[in-house]
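Taken verbatim from TrEMBL:
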ACT_SITE  E234  active site
ACT_SITE  C268  active site
DOMAIN    24-448  domain 'Aldehyde dehydrogenase'
Amino acid sequence: MFYWKHHVRQTVCVRVCVCVCLRSRMSMDEVVLRARKAFQSGRSRPLEFRVQQLKSLLRFVRDRQTDITTALKKDLDKSEQASLLYEVMCMEGEISLALDRLAEWAAPRPVEKTLLTITDQVFIQPQPLGLVLIIGAWNYPWVITIQPLIGAIAAGNAAVVKPSEVSVHSAKVMQELLPLYLDQEMYPVVLGGVPETQELLRQRFDHIFYTGSSSVGKLVMEAAARHLTPVTLELGGKSPCYIHKDCDISTACRRITWGKFTNCGQTCIAPDYILCEPSIQDRVVEEIRKSAQEFYTDDPDACPDYTRIINPRHFKRLMGLMEGCRVALGGTGDETRLYIAPTVLTDVSPDARVMQEEIFGPLLPIVTVSGEDEAIRFINEREKPLALYVFSSSNKVIKRFITETSSGGFLANDCLVHYTISALPFGGVGNSGTGCYHGKHTFDQLSHLRGCLVKPLGFERVNGVRYPPHTPRKLRWAYFLFLRRINVAHLRRAALLAAFAALAALLAQVRPSGRAADGLPAGLRRSE
């Protein structure tokens, strides 16, 4: 009897799960199909529609600040000031920039011509790609999800937005409130965990924008390859921070402390580990201790500006990374409050567990090296990081790291702030990602930059040179016409300068009537 009941219960559960999965799959199919049809309607192509949607998104960010900051408090225990500074202000700035520059970004872009095409219109026309899938991350759940959406809207695309299920409160607010401001068919928000994300990745998109870990990034790229879908992968990696012994160590450590422990170390471009010479290691630890005390008081656990770990799974992972390492600062944690103190580990071996994966938490290992030569070798022997930080008073040292290493971004004598500059492309290289975004770079990333040439039907005799030549002489002319690049803007400037020069020469030759060259009337000129 028990076996029969158990068998019936198991059968019912399986059927219910299958029905739920089918319903989920159908609804996912419908969401994607509806978004694609909305794009194919053509209503996102006019700039007026894009501007209206961007203004609505800006209104959402401003109207719903309280909802956003409250959700971040529940997800990561972020203070209101941190939420406004690192999330809300970044979104406002990006939207305002897109509104200011959209007409310029979307306009045809003239390019250099050859002599053969000098009478033609030759330009690049940005065009929408179509339907974009945006998969956000949990550490900065708003700005990391909304910034790609801003570029998708500006470029005239439709977009399916999939916020991270780990930051559950932010995801819920996004799903409930964003459709009240944006076109619901064109920009739907989809919730769910791994199964829902996998189901989304089975659909065909025109571009996939993913932010997260390298391991999941590989799965996203594999899924995209089935449809030959281009991807932007904003991943992470172990971003090194080299401290040269000649720099102001106090200032360097203060900036590193801010960059590392902001958001409790849960920042993709946070300094992952320090490289320095053994002679300054103790000084580095002491200066970080002072800075951490200044920023987060003697008791960071009670400090409202110190964030928490996102969930118990990540807490246990981070505590396990410290095993076998010498703790010089911090090292304590409380799982019930998801708290881990700002921690510095010293004399860390390159083979230690904490050096084998991206930390993504408030642990800062120090690996000692003999100098800049060994530091450069150490960095180049590993996967290319998302960011590389160098602290030095020597421009020669800084230039060496720029020219002899590779990373997504490079920053000397500070941390994180390159992320705030929209004119800089933000993205990884190699294992830390592919593609870039921010400002115009997001627009270009989510656009097809279509090469266009419009030729008049006249001048056919001139065009004869491009047909298969019959004589070596004609071939020489073809080489000249095809390969000689002409910058039309330079020609216009040269023509304008020539016109001004001719006008000036003409004016110099014309003299007032009845006056001699010295400016006196002819009758009053003095004799030599």
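Backbone N, Cα and C define each Cβ position, glycine as well.
A 10 Å cutoff on Cβ-Cβ distances gives C268 (active site) a total of 26 other Cβ atoms nearby, all chains included. Each residue contributes its Cα atom, and for E234 (active site) and C268 (active site) those atoms are 9 Å apart. Within 10 Å of the C-beta of E234 (active site) there are 26 other C-beta atoms, taking all protein chains into account.
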